[in-house]
Amino acid sequence: MAFTRKTRREQQLQLYSRERFSLLLLNLEEYYFEQHTANHIQNKGGQNERKIRGSLKICSKSVIFEPDAISQPIIKIPLRDCIKIGKHGENGSNRHFAKTKSGEISLIFSQVYFIKEHNIVAPYKIERGKMEYVFELDVSGKVEDVVETLLQLHRASCLDKLGDQTAMITAILQSRLARTSFDKNRFQSVSEKLHMECKAEMVTPLVTNPGHVCITDTNLYFQPLNGYPKPVVQITLQDVRRIYKRRHGLMPLGLEVFCTEDDLCSDIYLKFYEPQDRDDLYFYIATYLEHHVAERTAESYMLQWQRGHLSNYQYLLHLNNLADRSCNDLSQYPVFPWIISDYCSAELDLSNPGTFRDLSRPVGALNKERLERLLARYQEMPEPKFMYGSHYSSPGYVLFYLVRIAPEYMLCLQNGRFDNADRMFNSIGETWKNCLDGATDFKELIPEFYGDDVSFLVNNLKLDLGKRQGGQMVDDVELPPWARSPEDFLQKSKDALESNYVSEHLHEWIDLIFGYKQKGSDAVGAHNVFHPLTYEGGVDLNSIEDPDEKVAMLTQILEFGQTPKQLFVTPHPRRITPKFKNFSQTYSHNAPMADSPGEESFEDLTEESKTLAWNNIAKLQLHDQHKIHKEAVTGIAVSCNGSSVFTTSQDSTLKMFSKESKMLQRSISFSNMALSSCLLLPGDATVISSSWDNNVYFYSIAFARRQDTLMGHDDAVSKICWHDNRLYSASWDSTVKVWSGVPAEMTCTRRQRFDMLAELEHDVSVDTISLNAASTLLVSGTKEGTVNIWDLTTATMLHQIPCHSGTVCDTAFSPDSRHVLSTGEDGCLNVIDVQTGMLISSMTSDEPQRCFIWDGNSVLSGSQSGELLVWDLLGGKISERIQGHTGAVTCIWMNEQCSSIITGGEDRQIMFWKLQY
């Protein structure tokens, strides 16, 4: 996991540099300003006087001395505990604090911390009582400036009000930044062009480091004010893959840059002092990336996840990323759900629903008795009400889980102490039980529980984490009986996360954390209400004038935890699960889900050939073409054996064309009005055509004559569909009608009577319709850009989605009926989730797409210009443009094996296409 790798990199850097100092030795909200090579003189003037070589570091709230010898502890002296700062030996009779021009600085104080003696990470040792330390700077000429700085910072530390302290330290910091600028000699090339420079802070967990940001035409730079941990951080713009605006302390000041596609750990996280600086830098990098990287949205990831191209783990990582969760910000660390509820059994049964936690409820609502107590308190509480006094994710909870790999972070957060041994992360089962029963414990998990690195479960660093009340030392985390080892625990946790049960219910948890149940009345109904300060927009820090109140509010926000940014405002669609198998031991987070190998049936082979065809759809080649109409072709139908092609046209004719002889065999006219579509009935005996004269015509191929006429509309019939002896007709009269009845045989003397079973009323004219595979659902597209999804079993509208500006040209269900794709005059391709009606993906072309076919992942569309476009919906891009007609492509047909395609166009031609692979 990212945090694990991050801490490991830091440990390696310290190992090679032998530097023990880190920003984690500072207090929260403290800055490291400068360092000076110096000696710590012990027993000054005495017989045992000795000099310890090291580095003196000046920070906003403390002085830190790091000896070169790792056997010696790091010394930290809080400035607020200083009694006197000045020249060694000065009596200070007239002044409490004094300036000096000698090479030695004297600090008299009442408290000192000793840290990392022998380079061992352990709770800080504290020595109290009045004492004096003397430090001798190598460059004596700097002493006066250093003492002046220390006196100034001391005055800030001793101010009564925390807000005044923060304001003074901020003023000192801004003054230092204003006196410096980015060193242009750090540019990688003399030809680089500077585009922008501003002040910012580099954000790492619990600490920030001020400096200067600089962006050129090729690189992004950050130069720390203190030169730590290195003089310049440089990122090549060509390597950038993702960039996100971030909230930092609920303020729109953060920017995170990634040079990888899937890693949660970024290459740099910057916090700006002004939102405009952040936005300007974002705009420049985003403009650069437009030509290199496709932008990803929550909806595009949702589509990939639904269709099995992202695992549950990968999808949750992407949602966390989009919701401002970052491993650089512990108050917004990525949040993952508890999945397993059984930590007692000897064997873990992932086929038993009882093994799993109820994902439709927040942790605080899993225990009914506890929930009743919380609700009773909630009812009596004055506004603003909240159900839970603690959050499900906070810096303390993150480090509770990670203390074994990030002990210095825990010490930083808790003022140099580990937590009480009995409150540590001792046991998986105990932690789950406390989350179920504890009065204030509602925490979820972190990604590490579903990763590959077991180090957070094992005390590899041999840390002394204390002794529990029973006498046992805190060591490795106790695993449940069903886990043979830490590796086995993580593997089974991953298997559980990717199981069918979780795939079917994960959307319910997403609704709580990232979705519509996060806020408002839906959150109240789901028992999912946290403290108002945890929500984005819960407080406007800029409106708080009292500096003390503002600092206290910000501290509470950062330490209490923050609710993720809301990504969805409607119910999240379910995952498409029928083909899913449980993940095997070969599961990888980086690999898409796939069916387990098994016995192949004919159906499997057919599906395999379809998949192969769609994977090669961009290799489509024109095989033949014929101009058989006098106006635009409007419909194509093909006999089962593929030998006869039937087409309709705005020239009012139905044509029958022989694919084998390449000859026109019949031309039939029913009226002088355009025909709009056609289809073949099962058995290939009858062709049905819809007409602008308000009628539907039945033509008998065997008897070569009109067989029947359905006069069912008050305006032009725009599209027809047929399934199981039912006819579905769409019309400009604002209706879709469902008819039953079999057309009369020509040997009968009586015409068949058609009964109307249902009338689906619209507000405006209907231009296109389509059925799902089972004919239980119908989708219609209107003149005003609305897509409607209907339940045919009840003749009721399920969803109405206004998603196009202008006429909807074509619509179709995906093969599994989970999604609808629509195209319009506005050039948009929109993917809609059938279950929720949510618009989950939208792509745009520079011209209308008049018709299309798709397999749920890829689309082949016919454009206004005559090109055929291949769209990669999951990749969010047009992957191929194929030259075709000289006018708009108006209709398209594909055979069941997906190997043969026929298109018709405004150029009056029909074109025959074949896949070459």
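Glycine is no exception: its Cβ is also placed from the backbone N, Cα and C atoms.
Just so you know, TrEMBL annotations are computer predictions that nobody has curated.
Taken together, the residues in the domain 'BEACH-type PH' (189-286) have a mean pLDDT of 92 on the 0 to 100 scale. The domain 'BEACH-type PH' annotation in TrEMBL covers 189-286.
Per TrEMBL, domain 'BEACH' is recorded for 290-575.
Residues or ranges marked as repeat 'WD' in TrEMBL: 710-740 (among others). Across the repeat 'WD' (710-740), DSSP classifies residues as 0 helix, 21 strand, 10 coil.
Outside the repeat 'WD' (759-800) by six or more residues, the chain places 715, 718-719, 721, 723-724, 726, 728, 730-738, 806-813, 815, 817, 820, 822, 824, 826, 830, 832, 834, 836-837 with a CB less than 8 A from a CB of the stretch. Residues or ranges marked as repeat 'WD' by TrEMBL: 759-800 (among others).
With a threshold of 8 Å between CB atoms, the same-chain residues lying at least 6 positions outside the repeat 'WD' (801-842) that come near it are 297, 299-300, 302-303, 306, 568, 570-574, 576, 578, 767-774, 776-777, 779-789, 848-856, 859, 861, 871, 873, 876. According to TrEMBL, the repeat 'WD' annotation covers 801-842 (among others).
Tertiary neighbourhood of the repeat 'WD' (882-917): same-chain residues 606, 609-610, 612-614, 616-638, 642, 645, 647, 649, 657, 659, 677, 848, 850-853, 855, 860-870, selected by CB-CB distance under 8 Å and a gap of 6+ residues from either end. Feature annotation from TrEMBL assigns repeat 'WD' to 882-917 (among others).
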Residues of the repeat 'WD' (801-842) by DSSP state, where helix covers H, G and I: 0 helix, 24 strand, 18 coil
Outside the repeat 'WD' (710-740), six or more residues from its ends: residues with CB under 8 Å to it: 673, 676-679, 681, 688, 690-698, 754-771, 775, 778, 780, 783, 790, 792, 795
Composition by DSSP (helix, strand, coil) of residues within the repeat 'WD' (882-917): 0 helix, 20 strand, 16 coil
Structural state census, the domain 'BEACH-type PH' (189-286) (DSSP three-state): 15 helix, 51 strand, 32 coil
